[in-house]
Amino acid sequence: MEKVLVFGHKNPDTDAICSAIAYAELKKELGMNAEPVRLGEISGETQFALDYFKVEGPRFVETVANEVDNVILVDHNERQQSANDIESVRVLEVIDHHRIANFETSDPIYYRCEPVGCTATILNKMYKENGITIRKEVAGLMLSAIISDSLLFKSPTCTEQDVAAARELAEIAGVDADKYGLEMLKAGADLSGKTMEQLISLDAKEFQMGNAKVEIAQVNAVDTNDVLVHQAELEKVISAVVEEKGLDLFLFVVTDILTNDSVGLAIGKAANIVEKAYNVSLENNTATLKGVVSRKKQIVPVLTEAFQA
């Protein structure tokens, strides 16, 4: 049987990795030869989850057409966030919870996108719909994905469906969601030992906003000053990325997991759009974004609207 690769976006977060593993397992249970892979490095937060539930991380690939003809996307759909040669393979399915942009296919496909906080929440439903029992380890990874995407249920993207799914999965996994979740988030917020290049690419995504090319990177921290003390070095590496990729804006967002506020560092010729979008003034290229924790709900749509205004 021909193999199908299942993967999340580049610079994968916990949902991208864990949902690839969970969905590949579901597809295997349903008779497909599916393998989860990843398009980037595994973050400290994700590694904590993999280690905790004793699951091996997926192998890394840069291209997919050299291995398979068919792929399944989880936690993304936009081409620039996917495999470098995504145009050379057939996308069989997409399971996602983001905006739909820069995506089209030549054939009809199974496309499931729901306005929930996490792909794993959708997968929890799909396991039930197919009558497949979720293994303890996989339930733990799916729980980890929901906790990560919802910032332990505090993000505005978090829905009642996400909370309910997390409680179900925590029971299967045999953990206390709140206690485990805080440990996992703290592991992810430990940025010691990371280079500046790693910091700005840990969780970075590219977007087309009107005619502008924008990259938004986000890291979680227990204290934003722990990251911003390196601002001069950060600006240097961000400026290099802006020039290399021809970006109009690179927004580096440092989110405080205790206060649920963020600080944005904006570099690029369109940095003023951040001021316009949030009604703030950039001082030394930074501004506090009160109550902003979600790139998907509080950054991407707000900036997109500002660019198109």
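Here the Cβ of each residue, glycine as well, is placed from N, Cα and C on the backbone.
For the Mn(2+) 1 site, Swiss-Prot lists His9, Asp13; matching the candidates Asp51, Asp69, Asp75 against that entry yields Asp75. Per Swiss-Prot, the Mn(2+) 2 site holds Asp75, His97, Asp149; the candidate it also names there, chosen from Asp15, Asp203, Asp223, Asp226, is Asp15. You'll find the Cα of Asp15 (Mn(2+) 2 binding site) roughly 7 Å from the Cα of Asp75 (Mn(2+) 1 binding site). In three-state terms derived from DSSP, Asp75 (Mn(2+) 1 binding site) belongs to neither a helical nor a strand segment and is classed as coil.
His9 (Mn(2+) 1 binding site) sits 12 Å from His97 (Mn(2+) 2 binding site), taking the CA atoms of both as reference points. When the alpha carbons of Asp149 (Mn(2+) 2 binding site) and Asp75 (Mn(2+) 1 binding site) are compared, the span between them is 11 angstrom. Within the same chain, the residues at least 6 positions away from Asp13 (Mn(2+) 1 binding site) whose Cβ sits under 8 Å from its Cβ are Ser43, Glu45, Thr46, Asp75, Ser148, Asp149, Asp203, listed in sequence order. Highest local Cβ density among the binding-site residues His9, His97 belongs to His9, counted as other Cβ atoms within 10 Å over all protein chains shown.
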